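Asks: According to TrEMBL, the domain 'RNA 3'-terminal phosphate cyclase' annotation covers 13-338. Positions annotated as ATP binding site by TrEMBL: 104. Annotated domain 'RNA 3'-terminal phosphate cyclase insert' per TrEMBL: 184-286, in sequence order. Residues annotated as active site, tele-AMP-histidine intermediate in TrEMBL: 320.
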């Protein structure tokens, strides 16, 4: 059997958990036995962390697969997938590990299950080095649903660093196949909105300060648009621990959504949190692409699975995106090309990511 395993080097390119997420999801979907070596070789703590292990376990459970080497700190795993089934599945990082990254690994798989799925994902909802749950709901969801599927994301409880304790329930039904997407027209920014939140021991004033600082920063560049960033205090019964942060979304005339976000932490001035998010948003708007840096790589696996040609216009290609493309091409028959976009404005650093998808068909439907 081992002769047929696809060998993945988990230490190349971005060298982190993303390689594991993309390759195990595709292994599950395509029925390809996998060996991943040198897992997170480039990180300060190499090997599996609780969040990566939870991701592997939910994939294993989704398809009755076999996982060897699945323990914290392990730098090599083998995975043999079975048949993807629907139903209720639970993944719990038992830390502040991101529920959004658990969603990233499981979602493509349950789209091709035999029946509807309910994923109970537990951990951090607003964690560093991962999309915030608000980003997933406000930006990722409306855009990824253009591939012709829908999902429901119910935030039961928010959880923050260090203890986590958040819970999100994702419900989705399987599809026969995914449609390609064409996101190449940016249009003009028509509105800017968002939420600045505090939870636990923090006063609402901090949320108001984050919001006000962000608005001031955006106003310097964009004068004529109403900006609505709501300050929110999360209800105590729906948040575990203490946390704060902000997400700001710009919506365009063609339905594009681009965002900037930032998290508060002890000793970090709330104005700085707001300004960081605003600057990230402005940076994402500057290049003229239709997706922001955080969405770019999350669309790759769906483009690879879709039937037909998908085209997305983006800013400079991130290392995460290059990595996702590399492993999607290695495991599927999808073919990606990235070309510099011919812009009217030569100062725009934009690219077209084009993919001839493999046209995955759900064998269960």
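Glycine residues also receive a Cβ, built from the backbone N, Cα and C atoms like all the rest.
Nobody curates TrEMBL annotations by hand; they come from automatic prediction.
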Asks: To the nearest whole angstrom, what is the C-alpha distance linking residue 104 (ATP binding site) and residue 320 (active site, tele-AMP-histidine intermediate)?
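Replies: Rounded to a whole number, the Cα-Cα distance is 13 Å.
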Asks: Looking only at the domain 'RNA 3'-terminal phosphate cyclase' (13-338), what is the model's average confidence as pLDDT?
Replies: 97
Asks: Please spell out the DSSP helix, strand and coil residue counts for the domain 'RNA 3'-terminal phosphate cyclase insert' (184-286).
Replies: 36 helix, 37 strand, 30 coil
Asks: Ten-angstrom check, please: count other Cβ atoms within 10 Å of the Cβ of the residue listed as 'ATP binding site', all chains counted.
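Replies: The residue listed as 'ATP binding site' is surrounded by 23 other Cβ atoms within 10 Å.
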Asks: Enter the number of other CB atoms within 10 angstroms of the CB of residue 320 (active site, tele-AMP-histidine intermediate).
Replies: 20
